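Novice: Please see the structure below; I have some questions.
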C-alpha cells in the first residue's frame, strides 16, 4: 500500500507518477473521500469535547448536591450521536483502505517509462547462444522422445498445463532444486524455510495479490457446501516467506533477513489463454526456489543488485546464456518499485524468456503487513524484496534445449552431476 499521506496531499503529482505504469488515479474520488473524512473527524472530535465537558459538569453538580438528570440525558444523546459518528468514520476509513489496496506501488525515478515488455531496457548479457550443427528440437519433443516428459498422462490425471516427469528428467528436476537451495544457503547465507502451500487471505493481501488479483489464484472451497474457506494455494513462496514478519517489530541489528524456500506454485493463468500452451513455459503447477529479503530502507537498493546477481550465478554455473533487463513502468508487478528480469536463451524459440524476476517493493508490502524496524529511537517500515532463484521448470527446459545433442540426448551440466550419481548424459 502506498503512503496514505500521498492521497491527502498533491494528488496531481501522484496521478502523474501512477499514470507512468498505466494506472488511472481517480482524483475526484480521493478528494471526496478526504473531504468526508475530515468532516466526520471534526464532528467526532466536537462530540468528544462536548462529552468530556459534560462529564466535568456532572461531577461539579453532584459535588454540590445539585440535580444532574437533565445534563445526563443530554450526555446520553451526545454519546449516541458520537457512536454513530464513530461508526460512520470507521466505515468510511474501511472504504478508503479497501480503495487504497487497489493502487499499485509508485515506480522508482530510475525505472524506464513504457507500456509493455517492448519498452524494457537490457542491462547486460552473459554467454553466447550456441550455434548448433543439427536441427534444434524443442524441449517438449526431446522429453517425449526420451519417454521422460509426459503431457498426455498429465492431461489424463488433471488437465491442460500440467506435466509428468519420469526417470532421469525427474532426477534432473530434483537436482536443480538441491543445487539452487545449496547455493543460496551455503554460498549466500540464506535461511532455508519450509512453508505452508496454503495461505489465508491476510497473507495474500500483505504481499499484494489480494484483493486485486484473486482471479489468478486457486481458492479452496468447502466440498460440503461449496463455500469459500478463506484459503488459497500459494502462487509463489514470496507470499508465506514475506508474511513470516507480518505484524512484527524488528530490530535493525537483525536485518537483513534472508529467506529461501523451494515450493510448488499454483497459478490459474487467467490472462494467458492461447499463450505457451505447449511445454513447460506456462503451467498451472510449477516448482520454484524463491529468495526473500527483509531489510532497512538504506539496505534495499544494494540488496536488489545482490539478489539479481545471486540468481545470475545459478545460470552461469549451468552454462546457460541469459540477459538481464530492467522492467519499464508498465511491465512491473503490482507491488514492485523496481524490477530486474533475467531471461534465459531458448534455442527453439530463438529468443530469451523470463526465468527470474527480482523486485524491490520498498515499504509497499510492509505497510500492508504492519512490519516495522526499530533503529535507535526511530521506528519505520521495513523494505521487502523478492526474487526467483530460479523457476525450476524453465531452468530444466533451458538445460534440455541448450545442452541437447544430435542424437536427442542431453548433456548434464557438471555442477549437477554429483546430484545425479555422476551421470553425464540423459538418454532414452
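Glycine too: its Cβ is placed from the backbone N, Cα and C atoms.
Sharing the features that Swiss-Prot gives for it:
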BINDING   236, 237, 238, 290, 388  L-serine binding site
BINDING   267, 268, 269, 354, 355, 356, 357  ATP binding site
Novice: For the C-alpha pair, I'd like the distance in angstrom between residue 269 (ATP binding site) and residue 237 (L-serine binding site), rounded off.
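Specialist: Residue 269 (ATP binding site) to residue 237 (L-serine binding site), Cα-Cα distance: 17 Å.
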Novice: What same-chain residues, at least 6 away in sequence, bring their CB to under 8 Å of the CB of residue 238 (L-serine binding site)?
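Specialist: Non-local contacts for residue 238 (L-serine binding site): 207, 290, 292, 386.
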Novice: Once the chains shown are all counted, how many other Cβ atoms turn up within 10 Å of the Cβ of residue 357 (ATP binding site)?
Specialist: 21
Novice: In terms of DSSP three-state secondary structure, what is the assignment for residue 267 (ATP binding site)?
Specialist: coil
Novice: Go through 236, 356, our binding-site residues, and report the one whose Cβ sees the most other Cβ atoms within 10 Å.
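Specialist: When each Cβ's neighbours within 10 Å are tallied, 356 leads.
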Novice: Out of 268, 388, which of the binding-site residues is least crowded by other Cβ atoms within 10 Å?
Specialist: 268
Novice: Quick check: of the binding-site residues listed here (267, 268, 354, 355), which one has the Cα closest to that of residue 388 (L-serine binding site)?
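Specialist: Of the binding-site residues 267, 268, 354, 355, 355 has its Cα closest to that of residue 388 (L-serine binding site).
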Novice: What does DSSP assign residue 236 (L-serine binding site), in three states?
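Specialist: DSSP call for residue 236 (L-serine binding site): coil, neither helix nor strand.
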Novice: Give the residue from the binding-site residues 269, 290 that has the most other Cβ atoms within 10 Å of its Cβ, counting over every protein chain displayed.
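Specialist: Of the binding-site residues 269, 290, the most buried by Cβ count within 10 Å is 290.
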Novice: Would you count the other CB atoms within 10 A of the CB of residue 354 (ATP binding site), including those on all shown protein chains?
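Specialist: There are 16 such Cβ atoms around residue 354 (ATP binding site).
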Novice: Around residue 267 (ATP binding site), how many other CB atoms lie within 10 A of its CB?
Specialist: 19
Novice: Grab the L-serine binding residues from the record (236, 237, 238, 290, 388) and give me their largest CA-CA distance in Å.
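Specialist: Answer in Å: the longest Cα-Cα distance is 9.
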Novice: List the residues of the same chain that sit at least 6 positions away from residue 237 (L-serine binding site) in sequence and have their Cβ under 8 Å from its Cβ, in sequence order, or write 'none'.
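Specialist: For residue 237 (L-serine binding site), the qualifying residues are 193, 195, 261, 262, 263, 265, 288, 290, 292.
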Novice: Cα of residue 268 (ATP binding site) to Cα of residue 236 (L-serine binding site): how many Å, rounded?
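Specialist: With the alpha carbons as reference points, the distance is 12 Å.
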Novice: Near residue 236 (L-serine binding site), meaning Cα within 10 Å, which of 267, 354, 356 (binding-site residues)?
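Specialist: Taking 267, 354, 356 one by one, the ones whose Cα falls within 10 Å of residue 236 (L-serine binding site) are 267.
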